[in-house]
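Have a look at the structure below, then the notes.
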Amino acid sequence: MATVVMEQIGRLFINAQQLRQIPQLLESAFPTLPCTVKVSDVPWVFRERHILTGYRQPDQSWRYYFLTLFQRHNETLNVWTHLLAAFIILVKWQEISETVDFLRDPHAQPLFIVLLAAFTYLSFSALAHLLSAKSELSYYTFYFLDYVGVAVYQYGSALAHYYYAIEKEWHTKVQGLFLPAAAFLAWLTCFGCCYGKYASPELPKVANKLFQVVPSALAYCLDISPVVHRIYSCYQEGCSDPVVAYHFYHVVFFLIGAYFFCCPHPESLFPGKCDFIGQGHQLFHVFVVVCTLTQVEALRTDFTERRPFYERLHGDLAHDAVALFIFTACCSALTAFYVRQRVRASLHEKGE
């Protein structure tokens, strides 16, 4: 009996020894990351207005930047807001796919496109904020990828709004013009953002912002027009459609987010106080995420409840619209790649 007890105690001792090794194993698996640095310690390309600390050191290993997902720095919230939102979109995608045949139902393809587009822009944005600090070329590469995601989401939203949310009166006015114009403006947004970022050393900060904001604003005005017309028509008729409320809120959330994207508040009022939490761009991320999730819920409901209406209205439009989506995505990706090559050549010349 005593021997058995001693064996059990010995096993407990060995287990205790193994438990003591866990912190060492974790430390070897997740090494201590270099501390963040001040704005004066990083090249100008990484600097953000009114953000004075929390920058990650450039020229580290890729592993370091992936591990900074779990480090406190001035991009942490920007990464996690869109990363978690991308996961939520995947969950919604799986949930919807249990009742919707995306492959065989052509009228479900625009819903598939907007879900794919939302996941794409959220994922690309998270990658840009996580990995862009490695080098100047990485900075441009990942933000150009982010802009491709923005273009894809713009067209995906335009298609879904046009297909599911539009009223017959507005459809009559924009039929045949809406989707090609939406595709062009989505590409123009990608080009404007990429060129503005590429030319930013020679442009004032405001001009760089204009290259991003003006094409995006034009695209949004067109893309959201079916929704705005529907909200207005509902208000005029005094209807009580709950889906219209969802559409109204996702417009409001987007406009609030756009304000924080354009205006560096509150960090401009409290320089250095919002370096880790409270930046305008973080607030922009939060509102855009809420906007996207509200939009998806509204379109999902429209897909179910308005099917007889949009089947008669659009006929076999879905296949052509999907082809235009692929074309827009390819053009945007090629544009981003071309501007990246220009950046690479410019950095090579500067290095010489």
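Quick reminder: no glycine exception, Cβ is built from N, Cα and C everywhere.
The feature topological domain 'Cytoplasmic' is assigned by Swiss-Prot to 1-75, 132-139, 197-242, 297-316, with sequence analysis given as support. What Swiss-Prot records for 76-96, 111-131, 140-160, 176-196, 243-263, 276-296, 317-337 is transmembrane segment, and it gives sequence analysis as the kind of evidence. Under the heading topological domain 'Extracellular', Swiss-Prot lists 97-110, 161-175, 264-275, 338-352.
The listed stretches are 76-96, 111-131, 176-196; of these, 111-131 has the most Cβ pairs under 8 Å to the transmembrane segment (140-160).
Sequence-distant contacts of the topological domain 'Extracellular' (338-352), counting only residues of its own chain at least 6 positions beyond either end whose CB sits under 8 Å from a CB of the stretch, comprise 136-137, 140-141, 144, 191, 194-195, 198. Simply put, out of 111-131, 176-196, 243-263, 176-196 has the most Cβ pairs sitting under 8 Å from the transmembrane segment (317-337). Here the topological domain 'Cytoplasmic' (1-75) has a mean pLDDT of 76 out of 100. Stretch with the most C-beta contacts under 8 angstroms to the transmembrane segment (111-131), considering only 176-196, 243-263, 276-296: 276-296. A Cβ distance under 8 Å defines the sequence-distant neighbours of the transmembrane segment (243-263), meaning residues of its chain 6+ beyond its ends; these are 165, 209, 213, 220, 224, 227-228, 230-231, 234, 280-281, 283-288, 290-292, 294-295, 297-298, 301-302, 305. Using DSSP to sort the residues of the topological domain 'Cytoplasmic' (297-316) gives these counts of helix, strand and coil: 17 helix, 0 strand, 3 coil. Below 8 angstroms of C-beta separation, residues 42-43, 45-46, 55-60, 62, 65, 75, 343-344, 347 of the same chain, each at least six residues beyond the ends of the topological domain 'Cytoplasmic' (132-139), sit close to that stretch. Each residue in the topological domain 'Cytoplasmic' (197-242) gets a DSSP state, and the totals come to 38 helix, 0 strand, 8 coil.
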